[in-house]
Amino acid sequence: MGLRPQLAAILLCLLACTGNWTLGCHHGALKEIIHILNQVTEKGTPCTEMVVPDALSARKNSTEKDLICRASQGFRKFYFQHEVTLCLKNNSRVLKDLKKLYRGISSLFPQKSCNVNESTYTTLKDFLESLRRIMQKKYWQCGSSTF
C-alpha cells in the first residue's frame, strides 16, 4: 500500500521543521547568543563595569526557563531610551549587541513575565559571563561541543 504522496510530504515537512527544536535545543539561537556574549565580554569592551540587577542570582531554586526569562528581562530595559546609560548611548555597538541578546534569549523560551530580583546587583560583565556559562552548558547538553 504505502503512504499517499501528500501524507509523505507533510510528514517530511514536519520532521524537517521540528528537527532543530527538539527538547528545547535551539542550536542556531544558542550559537548566536554565545557568539555575541563572547564579543561583549572581550577585554576592553566599554560599559561592562556598569551595575545591573543580578537577574541570575538564586539559581539553585530556579528552572532553566526561569533563568532564561530573567536574563531576557534584564536585557529588555535596554530597549527603553530612559533606561539606557550615557555610556551605552556613546557606545552604540555595545547597545546593539545587548538588544540582539534580548531578542535571541527571549526567542528561546518566550514568556510574558517573570520576577527579577532587583535587591542585588552585579556588574554587566559578571552578568554576561554568568549568562555565557549557562548558555554554553545548555548548548553542550544539546549534544554539541563547538564552544
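These residue numbers are counts, starting from 1, taken along the chain as shown.
Using N, Cα and C of the backbone, Cβ positions are placed for all residues, glycine too.
What Swiss-Prot records for 1-19 is signal peptide.
The N-linked glycosylation site annotation in Swiss-Prot covers Asn20 (among others) and rests on sequence analysis.
Sequence annotations record features per position, and here Swiss-Prot assigns disulfide bond to Cys47-Cys87 (among others). Its Cβ placed at the centre, Cys87 (disulfide bond) has 15 other Cβ atoms within 10 Å.
In the three-state DSSP scheme, Asn61 (N-linked glycosylation site) is classed as helix. Annotation source Swiss-Prot lists N-linked glycosylation site at Asn61 (among others).
Annotated disulfide bond per Swiss-Prot: Cys69-Cys114 (among others), in sequence order, evidence recorded as sequence analysis. Secondary structure at Cys114 (disulfide bond), as computed by DSSP, is coil. Cβ neighbours of Cys114 (disulfide bond) (same chain, under 8 Å, six or more residues apart in sequence): Asp66, Cys69, Arg70, Gln73.
Taken from Swiss-Prot, the feature N-linked glycosylation site covers Asn90 (among others). The C-beta environment of Asn90 (N-linked glycosylation site), restricted to residues of the same chain at least 6 apart in sequence and closer than 8 Å, consists of Pro46.
Residues or ranges marked as N-linked glycosylation site by Swiss-Prot: Asn117 (among others). The Cβ of Asn117 (N-linked glycosylation site) has 13 neighbouring Cβ atoms from other residues within 10 Å, across all protein chains displayed.
Taking every protein chain shown into account, Cys47, Cys69 are the disulfide-bonded residues, and of these the Cβ with the most other Cβ atoms within 10 Å belongs to Cys69. Ranked by CA distance from Asn61 (N-linked glycosylation site), the recorded positions Cys47, Cys87, Asn117 have Asn117 at the top as the closest. In three-state terms derived from DSSP, Cys47 (disulfide bond) belongs to neither a helical nor a strand segment and is classed as coil.
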